[in-house]
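One structure is given here, and the rest of the page talks about it.
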Amino acid sequence: MDYIVIIVLQLAVTVANLALIAAGLAIVFGMMRVINFAHGEFLMLGGYAAIVSHRAGVNLWIAMFVVAPLVVGAVGAVLERLVIRRLYGRMIDTMLATWGISLALIGLVTVVFGNTVSGISPPLGSLEVGRYAIGRYELLLAVVCAALYGGGWLLLRRTSFGLIARGTMQNRTMAAALGVDPGRVYAVTFAAGAAVTGLAGALIAPIAGVVPTIGAAYIAKAFITVISGGAAIIAGTLSSATLLGSINTAFAFAFSPVLGEVALLAAAVILLRLLPQGITGRFFRKSL
Amino acid sequence: MVDITRRTLLTLAAGGAAASVGPFYLRRAQAADAIPIAGIHDASGGIDIYGRPMINCLQLAVEELNAAGGVLGKPLNLVNYDPQSNMQLYTQYATEAATKQKAAVVFGGILSASREAMRPTLRRFKTPYFYSLLYEGGVCDRNIFCMGSTPAQTLQKFTPFVMKRFNGKKIYTLAADYNYGQITAKWIKKFATESGGDVVATDFFPLDVNDFGPTIRKIQAAQPDIIMSVLVGANHNAFYRQWVAAGMKNKIPMASTTFGIGNEQLTTSPEEQNGIIVSYAYLDGIQTPENKAFLAKYTKRFDDKADPVTEGAAMTYHAVNLWAKAAELAGSVDRDKVIEALETGLSFIGPAGKTTIDPATHHDTLDVYIAEVRDRKFNVLESYLQQPPADTAAVCNLRAHPNENKQFVIDVKV
Amino acid sequence: MLKSSLGAAAVALAAVYALVVVPAEGQMTTMINGSVYASYGILALSLALIWGYGGILSFGQAAFFGLGGYAYAIAALNLGNTWAALVIAVALAGASAAVLGYFMFWGRISDVYLGVITLTVSLILYRFLNQTAGDEWTIGSAPLGGFNGIPSTPILTLPGLPDEPLSPEQIYVLAMGALFVGYLACKLLVATHFGRVVVSIRENEMRAELLGYDARLYKLGLFTFAGALAGIGGVLFANCVFVSPNMFNLQTNGQLIIWVIVGGLGTLAGPVIGCFLLLMLATFLGTVHQGGGTNWFDPNLVLGVLLTLVVVALRKGLLPLAIAGFDAIAARRGQRGRLARAADPLVCEPQAE
């Protein structure tokens, strides 16, 4: 019984992790078709922003929920202005330029902060389930993740900004004809995607630690999750995170963590062969 | 009045340009008479945490020798190469150091793969090579000297010590999934069994894994008495955090053969690290006059870039000094003469205590320390002087077979 | 026509320099670096062919590079005959490309989804090989070695003399020779009927199909050829360094895409030039910083900034840019550069994205 409870909790944590690291990418790729190869480094920056500001005396929660998204959102806005804006519609060039940004950010953070930054321990202690225990902080991540996706859904569905954003992504010319400035919508969307990524990076920093090269551990997983999800960013990313996360956890428990990772990747390949447009190309087509 | 002509202006400008291009070219151009030597360590990329203190110690040792008049009366001219955590660059730079720079000796290599990328090249071009990191053992080649500790040197004392200290018999091993981790895990099992204990499970993790949730649940199910961590690299650091987050810190004690070689004592918090027991041939907590003097010089020289000195870094310092001693003894930096001099069983007393070259294996007999991590410091609990490289000695005898050239896979009989 | 003969002359000159002048100089460092660059150059050629001419964007082309290398190492350790191992390796790389190609093209997977599938396959191989350090992972007499790879990868021998491994100088000549032969083979391939059909499919797949060409089959043929080519690159790399899982990783695959774009998509020589230039830069950057102090020449930082600037400032890669520059000069001199260019079937415009 305890074992089942702990497996379910572990599953929720794994899925939430996957959905968190993929959220910002879902925004910039799903809405703008920008392949942001610097996504992993945005996560890394979020972690650094939270930890460095916490070391400088900022309250941990403020550092994670306010400072990190602001800093990374601002970095995203600047990069959008300087680089991405010039490359809209050129998917491959954007990919390449963001790859360059990714390397530059790794280098810059290494030069400025070094590679040895002491981390923060996860707060909140642990939850005991019989002989098992799981970090309360990790469970909190699952809650935050749910709130983030819920908020995103409300924003896109219920606010006029959401309507304008969706409209601009679907038909830029028409939106412009109706008086919307598409450039501004893109800029805001990219910055918002960066901010969400920064938040995610800050949230995973206490359990994963921060090093300049940590982005590489997440980038492939985030991409595979978003692309397997398909066109509907919220339903798609959530459903693929759930599917891939479950497969990963099942194999990790039954065999080894490595086979868990391999199974995740293999599942994505098979999924894309069966559903070339991702999960939401076939299911939940009307959703967001 | 100084008559400023266009020519002087041009000369000034050229001089300024040369100065701004940096000391790199000047240093290369400078000393025709100097002895060229090379250091090949990762200073960027994922492995740089191991490389940086090693580069510092190499630099410090060379500067000290130069300040004392150099080797054989000539200054040493050190060139550092950064392979950027990229294996093919190790092969390329080893070739460059040996054939273009004509280095008299090469210090470097971090992961075993990088050592194996350089070893054949340096052997081929007859350039003696010192490898300073702790590793799995078994390299048998007359051109190389392996300065770091090997598993048998540390674990033979460490495993029973840990079992006794934590008063437990059931060990759960978590190891990095590559040669070092695999072989170390076998030695742990062997010595645990010999000491009347048992390894209940061993899990291996590739170097890019940083999610240990399922593993921690498995450990909770297995309920071992002791955790033995052979985890390596920045990603594996996450284990120590997730362990504490899951509330396991005060339930099961931990020992490690790797905690600290990648600055883990700085990247994790005291809460996560306090109480972990480690064993190395060097720890910065060693309380000898040699080590205290060495650390003072090191901190003064590198200031805010003074990454904590690891075993690999201290052994690099010993390696440079041993090579210099051998060159003085041989009266030449010629490879064969230097190797013969080292094979007389040369030893050096430095920050890590006494290291003596073992002529049969080209490894060293060294002092081994056991320490407890507390608040980012290593407090030495026990030391065992002059431990021989018994694991490599079981497979390698360069006296009998001087042309041997391979890395043996040591068969650990459990 | 002047321009294509100039191009041919440049390639011939490069070949003479690489195959005659460099070996005669005997500078070992140049030769070792050259061998590594040439084996990567063949890999760049393979992606240049399928992406620039076939419109197939494989993010994971290094998978076949790695498979070729590993197949060679394992076969050579077991058989003892390195040339047989070479044949097996190239065949295996080609065959795996054929299988993956069948899986993708018959599933009508294209664009970024194809990219993700190829990359994922490469990462699966990377992860799989990374965890093979244990004793149980041995094929015949070849331990797979996990993260460390197979340092005992045998070196190709002189044909017929199994105990005489080639010297690094000979490996260099072999690798460079293979690069030039591979380049010529690709050049010939795109000039054949097959090559023209492939380009037409890239331009408009449906129109090509309506004309009666089975696009899947043509793409499969091209992908298989490129897989085998990448396999040759992998075998040569195994001979310069040794095989390790890094041949499959995200960095190798990413670098590869960068070489192709920087050099010029839609050309064959451009990506090879991009590959050589960027590898030379990385090699140089590793020797700039001499320890201590802050290193503003951090290789990641320099390469990253440079790459971003190149993409933002130059719309095309280096070679198309050079060709355009040549055109401008030629036009000013009254020659009809543009017309000559349009008549030259071997120069393909990069695909508009």
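In case you wondered, yes, glycine gets a Cβ from its N, Cα and C as well.
Fair warning: this is a prediction, and the values are worked out from it, not measured in the lab.
Same-chain residues lying 6+ beyond the ends of the transmembrane segment (A:6-27) with a Cβ under 8 Å from its Cβ atoms: 36, 39, 42-43, 127, 129, 132, 134, 138-139, 141-142, 144-146, 148-149, 152, 189, 192-198, 200, 203-204, 218, 221-223, 225-226, 229, 233-234, 236-238, 241-242, 244-246, 248-249, 253. Under the heading transmembrane segment, TrEMBL lists A:6-27 (among others).
Feature annotation from TrEMBL assigns transmembrane segment to A:34-54 (among others).
What TrEMBL lists as transmembrane segment is A:60-84 (among others).
Residues of the same chain lying 6 or more positions beyond the ends of the transmembrane segment (A:96-117) and with a Cβ under 8 Å from any Cβ of it are 34-41, 44-45, 48, 51-52, 79, 83-84, 87, 210-213, 215. Residues or ranges marked as transmembrane segment in TrEMBL: A:96-117 (among others).
The feature transmembrane segment is assigned by TrEMBL to A:137-156 (among others).
Remote same-chain partners of the transmembrane segment (A:186-211), defined as residues 6 or more beyond its termini with a Cβ less than 8 Å from a stretch Cβ, comprise 17, 20-21, 23-25, 27-28, 31-32, 34, 36, 39, 42-51, 63-65, 67-77, 79-81, 84-85, 88, 115, 117, 119-123, 135, 137-138, 141, 144, 148, 161, 165, 168-169, 217. Annotated transmembrane segment per TrEMBL: A:186-211 (among others), in sequence order.
Annotation source TrEMBL lists transmembrane segment at A:223-244 (among others). Sequence-distant contacts of the transmembrane segment (A:223-244) (same chain, at least 6 residues past either end, Cβ-Cβ under 8 Å): 15-16, 18-19, 21-23, 25-27, 29-31, 39, 149, 152-153, 156, 264-265, 267-268, 271-272, 275, 277-281, 283-285, 287-288.
Look at TrEMBL and you will find A:250-275 (among others) tagged as transmembrane segment. With a threshold of 8 Å between CB atoms, the same-chain residues lying at least 6 positions outside the transmembrane segment (A:250-275) that come near it are 7, 10, 221, 224, 227-228, 230, 240, 243-244, 281-282.
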Beyond the flanks of the transmembrane segment (A:60-84) by 6 or more, those residues with Cβ under 8 Å of it: 34, 38, 42, 45-47, 49-51, 53-54, 94, 97-98, 101, 120, 123, 186-187, 190-199, 201-203, 205
